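TrEMBL annotations:
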- B:12-35: transmembrane segment (TRANSMEM)
- B:41-63: transmembrane segment (TRANSMEM)
- B:70-88: transmembrane segment (TRANSMEM)
- B:94-115: transmembrane segment (TRANSMEM)
- B:127-148: transmembrane segment (TRANSMEM)
- B:190-208: transmembrane segment (TRANSMEM)
- B:277-302: transmembrane segment (TRANSMEM)
- B:314-333: transmembrane segment (TRANSMEM)
Amino acid sequence: MALLEVKNLGISFGGLRAVDDFHMEIEQGQLYGLIGPNGAGKTTVFNLLTGVYEPTDGYIMLDGENITGKKTIEINKHGIARTFQNIRLFSELTVLDNVKVGLHNHYKYSTLTGILRLPRYYKVEKEMNERAMELLKVFDLDKEADYKASNLPYGKQRKLEIARALATDPKLLLLDEPAAGMNPNETLELMKTIRFVRDKFHMTILLIEHDMKLVSGICEKLTVLNFGQVLTEGPTAEVLKDPKVITAYLGE
Amino acid sequence: MKKMSKQLRSNLITYGIVVAAYIIVTFCMQAGMVSSLLKGLLVPLCVYVILAISLNLTVGILGELSLGHAGFMCAGAFSSALFSKITADVIQPAGLRFFLALLIGTVVAAIFGLLIGIPVLRLKGDYLAIVTLAFGEIIKNVVNVVFLGRDSAGFHMSTKDSISLGLEPGGQVLIKGPQGITGTPNDSTFLIGIILILVTLFIVINLINSRTGRAIMAIRDNRIAAESVGIDITKYKLLAFSVSAALAGTAGVLYAHNLSTLIALPKNFGYNMSIMILVFVVLGGIGNIRGSIIAAVVLTLLPEMLRALNDYRMLIYAVVLIATMIFTSSQGGQEIQERMKAFFKRRSKAEEGK
């Protein structure tokens with residue numbers, strides 16, 4: 001059974017049909033790409049998958065559970081974590097604390113324990129620090145743990161966002177244009193990181209991307225979206241050769 | 001780990017400043033160096049410091065502008081004063097009664113914070129500010145029309161006047177509408193004020209540096225991202241707002257038990273008060289707890305110290321406010337600060353070198 005199964009998904013904003021009859025199946029451990037021209041509805045699909053918007057039709061199944069219409073927090077608890085097209089970090093918090101916020105639902109103590117500094121506070125905080133540093137090390141951010149997140153260079157902010165998403169221990173990781181604004185070197189490094197994340201955490205990853213080098217380099221399967229509808233889907237190499245896709249991108 | 005110790009040091013300095021202030025003032029009082037005017041200001045000072053710290057939790061940590069903080073203080077003040085008046089002869093010793101009054105004032109304010117917070121925290125920015133402002137005014141005005149009396153048949157309430165309470169002979173009027181509550185026992189002392197400041201600091205600082213505090217600050221920095229990592233926005237917003245309200249209630253209890261007559265005036269529980277607390281927070285630095293304490297003390301003492309200049313004192317007060325704002329936020333002012341910091345660093349290094 002597929003990890004993520006989406007059928008007949010659609011949403012209308014007033015008279016505008018932003019996404020229509022969207023479908024997608026992602027297997028456990030797959031690196032899946034969602035591509036399409038600007039305004040095709042890719043980010044809207046992400047927002048539907050993460051509960052930012054409630055779909056008007058269709059259903060979303062994650063690991064056999066129906067998560068259609070659930071709230072963002074619930075969906076995160078079910079196992080979908082994401083990054084954003086325009087980076088959304090907790091800018092005033094330190095790099096370490098950003099990741100620790102991601103660990104929020106996995107390492108718990110009550111507010112009162114925190115205020116009274118009971119032994120459990122120290123124990124859980126220590127575990128959190130260790131786990132967060134472990135994640136930061138994976139992304140080579142451990143030396144910057146005490147920096148304010150907004151003081152990181154752009155490429156590292158992107159990485160921190162991925163680290164924070166992984167801290168919630170998801171089954172499926174959604175990356176919204178991870179290479180946006182990166183230079184070719186940074187993109188190459190990012191490709192390595194994404195592959196590494198998949199292999200190390202056995203993560204299933206769905207990403208939106210415009211950088212065709214990145215898409216063809218790491219994605220195993222693609223879905224192409226155009227005007228809110230699925231244009232085609234299949235293995236990366238085949239899809240990218242499809243004349244329909246080329247037309248959608250470049251015009252007649 | 002180095003950061004933890006730095007944080008701990010900074011917190012210890014904050015506690016230290018409060019304790020040192022207490023020791024110095026007590027010493028000066030024994031030496032007879034404190035004027036009666038200043039003596040009368042000591043408890044209100046503690047009240048303002050607690051209010052500033054608690055409002056900083058809402059404005060600086062939660063990142064929402066609240067203009068109704070005096071309303072929560074009012075709720076705490078009146079509920080506790082009423083309790084103390086009723087039980088003045090029943091519960092002895094006075095220390096225990098005051099402790100219970102503190103709990104009641106704090107809890108009542110927290111309940112108000114929760115009730116107001118549920119609808120209000122759906123709003124953002126200016127809208128939230130306007131609604132909290134209105135709430136503060138409503139509380140103050142409601143208190144002004146309530147008459148409460150007690151006789152052998154129990155409690156009587158009215159919103160007209162004390163005669164319409166219909167008390168039996170020998171019955172006692174507890175709240176006299178615009179004349180407020182009279183005869184509250186004066187339990188507040190400077191020492192209690194300082195202890196309450198320390199408790200407030202303990203609660204706020206530990207809250208900020210915990211899992212809950214991180215969640216609250218994450219919501220402040222980016223609500224959408226916080227939601228995406230599974231933070232319950234409503235829960236933590238309400239929590240921060242209620243704790244902030246509860247601590248304002250504590251300040252209210254301290255305030256009420258410092259006066260023999262408690263009346264809700266625009267000056268003490270109205271809009272002016274809320275704005276003044278906000279000025280403390282803004283001037284001390286939004287999110288900067290130690291800054292709020294210092295700002296509250298300086299800005300409370302300043303007008304009193306300048307009393308000799310009578311007509312000019314509010315002028316100087318305004319100039320100081322503006323100068324501080326320019327100094328802390330303009331580019332030129334920040335450069336001067338940097339240079340000063342560098343200067344002190346160099347000097348301390350030179351001294352170490354010796």
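Backbone N, Cα and C define each Cβ position, glycine as well.
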Contact between the transmembrane segment (B:12-35) and the transmembrane segment (B:190-208) (at least 3 Cβ pairs under 8 Å, separation 6+): yes
Same-chain residues near the transmembrane segment (B:277-302), Cβ under 8 Å, at least 6 residues beyond its ends: 10, 13-14, 17-18, 21, 41, 44-45, 48-49, 51-53, 55-56, 59-61, 65, 67, 69-70, 197, 201, 204-205, 208, 316-317, 320-321, 324-325, 328
Chain residues in Cβ proximity to the transmembrane segment (B:70-88) (below 8 Å; excluding those fewer than six residues from its ends, i.e. six or more beyond): 51, 97-98, 100-102, 104-106, 108-109, 112-113, 132, 135-140, 143, 148, 150, 174-175, 181, 183-185, 187, 244-246, 248-253, 255-257, 262, 264, 268-271, 273-274, 277
